[in-house]
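Enquirer: Grabbed the feature section from Swiss-Prot, which reads as follows:
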- Asn5: N-linked glycosylation site (CARBOHYD)
- 1-27: topological domain 'Extracellular' (TOPO_DOM)
- 49-56: topological domain 'Cytoplasmic' (TOPO_DOM)
- 78-101: topological domain 'Extracellular' (TOPO_DOM)
- 123-141: topological domain 'Cytoplasmic' (TOPO_DOM)
- 163-199: topological domain 'Extracellular' (TOPO_DOM)
- 221-240: topological domain 'Cytoplasmic' (TOPO_DOM)
- 262-276: topological domain 'Extracellular' (TOPO_DOM)
- 298-316: topological domain 'Cytoplasmic' (TOPO_DOM)
- 28-48: transmembrane segment (TRANSMEM)
- 57-77: transmembrane segment (TRANSMEM)
- 102-122: transmembrane segment (TRANSMEM)
- 142-162: transmembrane segment (TRANSMEM)
- 200-220: transmembrane segment (TRANSMEM)
- 241-261: transmembrane segment (TRANSMEM)
- 277-297: transmembrane segment (TRANSMEM)
Amino acid sequence: MPTFNGSVFMPSAFILIGIPGLESVQCWIGIPFSAMYLIGVIGNSLILVIIKYENSLHIPMYIFLAMLAATDIALNTCILPKMLGIFWFHLPEISFDACLFQMWLIHSFQAIESGILLAMALDRYVAICIPLRHATIFSQQFLTHIGLGVTLRAAILIIPSLGLIKCCLKHYRTTVISHSYCEHMAIVKLATEDIRVNKIYGLFVAFAILGFDIIFITLSYVQIFITVFQLPQKEARFKAFNTCIAHICVFLQFYLLAFFSFFTHRFGSHIPPYIHILLSNLYLLVPPFLNPIVYGVKTKQIRDHIVKVFFFKKVT
């Protein structure tokens, strides 16, 4: 690996150290992380199977849930195998290109998940506020366009981050990344060159995706609450609100974890590094773990079909 004035020029590989300060207990940390991964994959796979084979669930609300489940599986799978390789098998090395590819996948799937949550909020808004137009607006073609749109938005907005790293950052102080996966700022901060453009673009993407989605999700639910509370019958209000509970829970835990991780990383300079890394890991691992549980508990149709799958023979 060529060096120049003490810096590394165009490194061929990086070293991921995992969770700095907790190297001695990483093998134990990997146990709950792997358990969350397995539960998340099984739970989300079960939701996908139920929605695929149950024709009554082939409606926008559950199609978006299937998109969310598939995204959760993909996001977790981008992170955990390599993380466990570091924690359990002492395999910290990752090639430069593989690291950038992992970074692109992780941030793209995060953006896709945010876009799906926005689509789910808009679906509930139309279903509750203008129900007579729901079937017309959320046609099969429109659902396909939404899926392609959130995917392309994520991929296109994240790609320039790779170009800025690959083409503009040539010299690195070290090849050791103090993280358990390849995260954008963790890589950028290793460079000796001016990284202001990278930082600005990173903030632009965060606000263009998360900021945009949060604003419109919030506006959707403000209008939903206004409409629900104007319903004359208490039973009708409860029924309408009940269709939103699971999505509200998923929305809150996804964005609260995201912003908590974001602000502690940028403004919590006095917080130990291992706290930052643990929060980043939890932000990515907890939503895919909790989402199928939340929807399994809070959504009657999903809950009934899970009971049918596991206890059908006993019931009959």
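Glycine is no exception: its Cβ is also placed from the backbone N, Cα and C atoms.
Locate each feature and note its surroundings.
Expert: Secondary structure of the topological domain 'Cytoplasmic' (49-56) per DSSP (helix as H, G, I; strand as E, B; remaining residues coil): 7 helix, 0 strand, 1 coil.
Within its own chain, the topological domain 'Extracellular' (78-101) is flanked in space by residues 10-18, 26-27, 29-30, 33-34, 37, 109, 162, 165-166, 177, 180-182, 187, 281, 284-285, which lie at least six positions past its ends and keep a Cβ under 8 Å from the stretch.
Beyond the topological domain 'Cytoplasmic' (123-141), the same-chain residues lying 6 or more positions past its ends with a Cβ under 8 Å from any Cβ of the stretch are 60-61, 64, 220-221, 223-224, 227-228, 240, 243-244, 247.
Confidence for the topological domain 'Extracellular' (163-199), expressed as mean pLDDT, is 93.
Beyond the topological domain 'Cytoplasmic' (221-240), the same-chain residues lying 6 or more positions past its ends with a Cβ under 8 Å from any Cβ of the stretch are 121, 124-125, 128-129, 248.
Long-range contacts of the transmembrane segment (102-122) within its own chain (CB-CB distance under 8 A, at least 6 residues past either end) are made by residues 61, 64-65, 67-68, 71-72, 74-75, 78-79, 82, 94, 146, 149-151, 153-155, 157-159, 161-162, 181-184, 187, 205, 209-210, 213, 216-217, 220-221, 247, 250-251, 254, 258, 284, 287.
Within the chain carrying the transmembrane segment (200-220), a Cβ under 8 angstroms from the stretch's Cβ atoms is held by residues 107, 111, 114-115, 117-118, 121-122, 124-125, 153-154, 157-158, 160-161, 164, 184-185, 188, 251, 255, 258, 262, all 6 or more beyond its ends.
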Enquirer: Counting only residues 6+ away from its ends, which parts of the chain sit with a Cβ under 8 Å from the topological domain 'Extracellular' (163-199)?
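Expert: Residues 1, 4, 6-11, 13-20, 78-79, 82-83, 86-87, 94, 99-100, 102-103, 106-107, 265, 273, 277, 280-281, 284 contact the topological domain 'Extracellular' (163-199) from elsewhere in the chain.
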